[in-house]
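Asks: First the structure, then my questions, so here it is.
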Amino acid sequence: MAKLTVEDLPLEGKKVLMRVDFNVPIKDGVVGDDNRIVAALPTIKYVIDHGGRAILFSHLGRIKKEEDKPGLSLRPVAERLSNLLNKPVTFVPVTEGKQLEDAIDNMKNGDVLLVQNTRYEDVKDGEYVKRESGNDPELGKYWASLGDVFVNDAFGTAHRKHASNVGIATNMPGKAAAGYLMEKEIKFLGDAVDNPERPFVAILGGAKVSDKIGVIDNLLEKADKIIIGGGMAYTFYAAKGIKVGNSLVEKDKIEVAKQILDKAGDKLVLPIDNVVADKFNNDADTKVVEGDIDDGWMALDIGPKSVEEFENVLKDAKTVVWNGPMGVFEMPNFAKGTLEIGKFLGTLSDATTIVGGGDSTAAVKELGVADKLTHISTGGGASLTYLEGKELPGIAAISEK
Ligand SMILES: Nc1ncnc2c1ncn2[C@@H]1O[C@H](COP(=O)(O)OP(=O)(O)O)[C@@H](O)[C@H]1O
Ligand SMILES: O=C(OP(=O)(O)O)[C@H](O)COP(=O)(O)O
Ligand SMILES: [Mg+2]
């Protein structure tokens, strides 16, 4: 990388602003899968071992209204980080102002501080102002003013142009560096997918339909097959005139889905059958149906015929990139599709198998199939954007050597 790295920066006695991606699953105030926190430890340790004062920034979830804030506090993450580092981590429950500035002034060399969820800035006085997500120039400038140098290790957020990554970096010219995780992810993805061994199969699922449906267009030129499962599948069902019941559908993306279907021909593989439920709950009544999904039912997992069909497509693959679970794996009754696909990828011993994304990674770890895969990437949307051949704004903003 022709970019500055953390090793190029002066650290001793410096206030080192760090952007990490700690957007991890939280349930009942406790961190679930901590892969993304663990993945950032090498850079954090390097900074504090070299006498830096680490001031960490991350987003968590999405905040659109005041009521979203309490459940999306980073406090539980500070606790987990403290356990992992085996040292105290100061948590500052605000994103600006005197409390934050005083806490930073009180830091000693080697100390670690975590700032509240950067997306608290997206809602001010009850209004959705998107200061963080809209890269408000004043916000990036303010955060940059709090430190001496900047290290961006948030690969999972690199496809976003937000104040806490791009904003801070552009306000610290010559002093914004990449961390080890950022370097590692780019190197790995580059080696695997710039000239992928073929057949190259992409698997796309999950729930961020409107975010991610756009990448399919570019992926059609790179991949030999694209398998669509999980919450991504039903917008395509709607585009094909298949009934979707109450399944997750992004209505304003149905047109896009139609265009993709026209262009893709048999490159795109959709689920044949689904596990449908009468409510969004693990205890729902369920059944497996092919094709049409009746009103009152929603598809929460792919069915056994879909698994068989997907495995058939995957069996000869030499490169597989997977983002987005095949169903609502957080509920045991809808985890089977994700589990089966994960297990099957584990049997492809001479293929490069890459799983990316906060939730997909949590799924393969939780379901015990992560060990047999080639690479677990912290980025879902970020990996897909990289795969499309697009520049990642978070990386572009890092200073050149
Ligand atoms: N059929 C479905 N209906 C609703 N949500 C789904 C469905 N399939 C998967 N999901 C949800 O998608 C979420 C993950 O999506 P996403 O964030 O795009 O993936 P990743 O974090 O791996 O990039 C999970 O919380 C999962 O429950
Ligand atoms: O979890 C993330 O992406 P992913 O769900 O695609 O893995 C990143 O933290 C980005 O979050 P965002 O999609 O709310 O900007
Ligand atoms: Mg996710």
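Just so it is clear, glycine is given a Cβ too, placed from its N, Cα and C backbone atoms.
TrEMBL annotations: computationally assigned, not manually curated.
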Asks: TrEMBL has Asp21, Phe22, Asn23, Arg36, His59, Leu60, Gly61, Arg62, Arg119 binding substrate. Which one of Arg53, Arg160 is in the same site?
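Replies: Matched candidate out of Arg53, Arg160, per TrEMBL for substrate with Asp21, Phe22, Asn23, Arg36, His59, Leu60, Gly61, Arg62, Arg119: Arg160.
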Asks: From Lys184, Lys187, Lys212, Lys222, grab the residue that TrEMBL records in the same ATP site as Glu330, Gly357, Gly358, Asp359, Ser360.
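Replies: Only hit among Lys184, Lys187, Lys212, Lys222 in TrEMBL's ATP site, alongside Glu330, Gly357, Gly358, Asp359, Ser360: Lys212.
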Asks: If you skip the near sequence neighbours and keep only those at least six away, which residues in the chain come within under 8 angstroms of Asp21 (substrate binding site), Cβ to Cβ?
Replies: Arg36, Ala40, Ser58, His59, Asp153, Ala154, Phe155, Gly156, Thr157, Gly358, Thr378, Gly379
Asks: Counting distance between Cα atoms, which of the binding-site residues Asn23, Gly61, Arg119 is nearest Asp359 (ATP binding site)?
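Replies: If we rank Asn23, Gly61, Arg119 by Cα distance to Asp359 (ATP binding site), first place goes to Asn23.
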Asks: CA-CA, which of the binding-site residues Lys212, Glu330, Gly357 lies nearest Asn23 (substrate binding site)?
Replies: Gly357
Asks: Within 10 Å of each Cβ, count the other Cβ atoms, then let me know which of the binding-site residues Gly61, Gly357 comes out lowest.
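Replies: If we count Cβ atoms within 10 Å for the binding-site residues Gly61, Gly357, the smallest count is at Gly61.
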Asks: Roughly how many Å lie between the Cα atoms of Arg119 (substrate binding site) and Gly357 (ATP binding site), rounded to a whole value?
Replies: 19
Asks: Among His59, Lys212, the binding-site residues in question, whose Cβ has the most other Cβ atoms within 10 Å in this structure?
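Replies: Top count of Cβ atoms within 10 Å goes to His59.
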Asks: List the same-chain residues at least 6 positions away in sequence whose Cβ sits under 8 Å from the Cβ of Glu330 (ATP binding site), in sequence order, or say none.
Replies: Pro25
